[in-house]
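Peer 1: Grabbed the feature section from TrEMBL, which reads as follows:
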| type | residues | note |
| --- | --- | --- |
| DOMAIN | 46-105 | domain 'LIM zinc-binding' |
| DOMAIN | 106-165 | domain 'LIM zinc-binding' |
Amino acid sequence: MEYQDSSWHETCFVCRRCRQPIGTRSFIPKDSQNFCVPCYEKQYALQCVQCQKPITTGGVTYREQPWHRECFVCTACKKPLSGQRFTSREEFAYCLSCFCDLYAKKCAGCTNPISGLGGTKYISFEERQWHNDCFNCKKCSLSLVGRGFLTERDDILCPDCGKDI
């Protein structure tokens, strides 16, 4: 067997770690030592924090820890997060859709989540929130963003519609 201008007996060309003959199997040279692929992966490759298997190509790093791309998934729906916008809560990563469904405040007007992500603006009053586009008078639908308003139980009203209450 020949490698790097040297000749070897087949039984002498062995993996540095397991000492098994490499023969015709793939191997990886490191620091003038030769390793069979499984031994090299065990000793030198990053290990995925999720599955504990070696990362041999294209992993991702999240919170300074290595992950396989296919192991880095949303905590809730298990869809891959690599290359997607995501956020986290209590060390757990979520796709934006799951995060909004689970944790975002809900708009008092349309009941959809208010993500606050991407510069989304919203109005907050007492314990309720509205998307800017949903903050309208209950009777005449006038936008109340930047204007005075009145409340009648759960409804918000412009001053004109609220003058009769």
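The backbone N, Cα and C atoms fix where each Cβ goes, and this holds for glycine too.
Looking at the shown structure, can you explain where the listed features end up?
Peer 2: Mapped onto DSSP classes, the domain 'LIM zinc-binding' (46-105) shows 8 helix, 19 strand, 33 coil.
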Peer 1: Let's see if you can do this one: DSSP helix, strand and coil counts over the domain 'LIM zinc-binding' (106-165), in that order.
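Peer 2: Grouping H, G, I as helix and E, B as strand yields 10 helix, 20 strand, 30 coil.
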